[in-house]
Amino acid sequence: MSLSIRIPVCDIPPEDGNAAKGVNDHEDELSATWQMWNTIRMICGPTSRVSVALDLTPALPASLGVLARWSAEHVQHLILPATTFIPNAKGYPVLPKLMQGFLRDLFKNRPNVILSKTQSNLHTLGGELAYVQYVRHLEKTSPFNVARNAPGGLTVESFGRGYEDYLQAPLQPLMDNLASMTYEVFEKDPVKYRQYEQAVYRALLDQDPDSTTIICVAGAGRGPIVSNCIRAVERSGREARIYAIEKNPSAFVTLQGRKAREWPDFVQIKFGDMRTVQLPEPVDILVSELLGSFGDNELSPECLDGAMRLLKPEGISIPASYTAYLAPISASRLYNDPSGTLRDTKGVETPYVVMLHAINTLSGDEEGKHPRCGPKIQDCWTFEHPRKIVLDPQGLPITNTHNNAACHLTFHIPCAGLMHGLAGYFEAVLYKDVGITTHPERMESVSPNMLSWFPIFFPFKEPLYLPSNSELDVYVWRLSDAQKVWYEWMAESFLPCVVQATRQCPMLDAPSGWGQPKSDSYFSAEGERELRVKIGQTALHNPAGRSSWIGL
């Protein structure tokens, strides 16, 4: 049996003038109905059989944060009465602008729309059918559906059709040889290869025009980046030699065929691991595509450490650097995954590659008001290549401790929400101002519609409730030993408070003041001091790599 519970979108009566005008009320009041739903689903526990029938009778609040969290909930039905509609200039029923945007966002989750009171003759033209036609128009023109149905299928929404909120284990590129089908999926991304070609082209132009530039593609796969390098050489008009290294036997067979059929004589292919293979000459440009959804989670730092011995001292690495990013998210659909993947310790201590869909980013982006807190999406660490590290006589690192990393991030949480995990992204600088990224706020300007990477998801064993105007501290570690690399993660929540400094009574051994929830301002008046009251935390996930790791 499945149960859908009717919940009003907010608790403001329709006759409230402030609500109709879109004036923000206190966030706690606007959150009352969501808090009611949160209580119900926490009592029921993880299940996909309990959903929301969201009642849109009340006027919407103007707070985008209050509305956004419904996009991460299991909203199966939308109850839309005719009284919510207003007449347009011609007398046909339409919805207010705020309601239009809210519905278009919810339509990505494909809810059922229940229209009511459509026979009440509230609007002069169109009749009962006008309401249906208008809602269908909104659904068809929602950003997700427009992108999903784009011609050519070269959008993330179209490419990832059927994989929304589907948990996929990250690849083990060193331990396992990728299947041909996996390569084929990666090779459908024109944006990534266009950016790589442009980076190689720019690097070639910066070389001595009278010399022959030596290029090495480390981890050539089935050869798409080799072809990009060939085109970059032809565009630049420079002399070059290209070496392509690949350890996967089946992929190497494909390279042999392409070398025989289509590549020029200045391309040579080498079979072996980039960390041990030998080349006849040092290279000027080392090109690799070893990045994972979190940048370094497919062991790009470790692989490139072993390949840097092939590079001249003044040589160029493409990519030159890559940075990992994190943000706290609410994702009840992921957490309630019917397969039960997140129900045991191993499952919940594994980072997953996911096309994040029904989620809400809980963090805010008001750094000026909250000095302790960083931006909405924060950087964890950066790896750069080449870099100066201690090497053994073979040119390999003595240990891997230099690739260990840790971060402590503090986020402001403007609106109450239930955090199910962390969303991870990356941004790579290929060469100078040419890059690629999955960072949601930068993707459109750096590498729009790039398809090769979905974000990574670090789940929590138990959801962590975050009240409005709280702060979230996130800790993530990248650790390693001689055989493997793994991640550990945890989080703590705090409520910022102000303590009033009062004169102590000599007869009483009492604290000088009690904490009161702070306002948005972090600047205390004279006689006050600020502190943070800890209100919750998660467990430490994946200690010592007991559940998930990437083999060296």
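Positions of Cβ are set from backbone N, Cα and C atoms, glycine also.
DSSP gives GLU289 (active site, proton donor/acceptor) a coil state; it is part of no helix or strand. Under 8 Å, Cβ to Cβ, and six or more positions away along its own chain, GLU289 (active site, proton donor/acceptor) finds LYS192, TYR196, GLY219, GLY221, ILE225. Per TrEMBL, active site, proton donor/acceptor is recorded for GLU289 (among others).
Taking Cβ-Cβ distances under 8 Å and a sequence separation of 6 or more, the neighbours of GLU298 (active site, proton donor/acceptor) in its chain are PRO170, LEU171, PRO173, LEU290, LEU291, GLY292, ILE550. Residues or ranges marked as active site, proton donor/acceptor in TrEMBL: GLU298 (among others).
What TrEMBL lists as S-adenosyl-L-methionine binding site is TYR183, LYS192, TYR193, GLU246, ASP273, MET274. All protein chains included, TYR183 (S-adenosyl-L-methionine binding site) registers 17 other Cβ atoms within 10 Å of its own Cβ.
Residues annotated as domain 'PRMT5 TIM barrel' in TrEMBL: 2-140.
Per TrEMBL, the feature domain 'PRMT5 arginine-N-methyltransferase' maps to 157-318. Summed and averaged per residue, pLDDT over the domain 'PRMT5 arginine-N-methyltransferase' (157-318) gives 95.
Taken from TrEMBL, the feature domain 'PRMT5 oligomerisation' applies to 321-550.
Residues or ranges marked as site 'Critical for specifying symmetric addition of methyl groups' in TrEMBL: PHE186. Sequence-distant contacts (6 or more apart, same chain, Cβ under 8 Å) of PHE186 (site 'Critical for specifying symmetric addition of methyl groups') comprise GLY221, SER452.
In terms of DSSP helix, strand and coil, the domain 'PRMT5 TIM barrel' (2-140) has 61 helix, 28 strand, 50 coil. Over all protein chains present, the Cβ of GLU246 (S-adenosyl-L-methionine binding site) has 28 other Cβ atoms lying within 10 Å. Cβ environment of MET274 (S-adenosyl-L-methionine binding site): ALA218, GLY219, ILE245, LYS247, SER288, CYS303, GLY306, ALA307, LEU310 lie under 8 Å away, each six or more residues apart in the same chain. Summarising the S-adenosyl-L-methionine site geometry, the residues cited as binding it (TYR183, LYS192, TYR193, GLU246, ASP273, MET274) extend over a maximum Cα to Cα distance of 23 Å.
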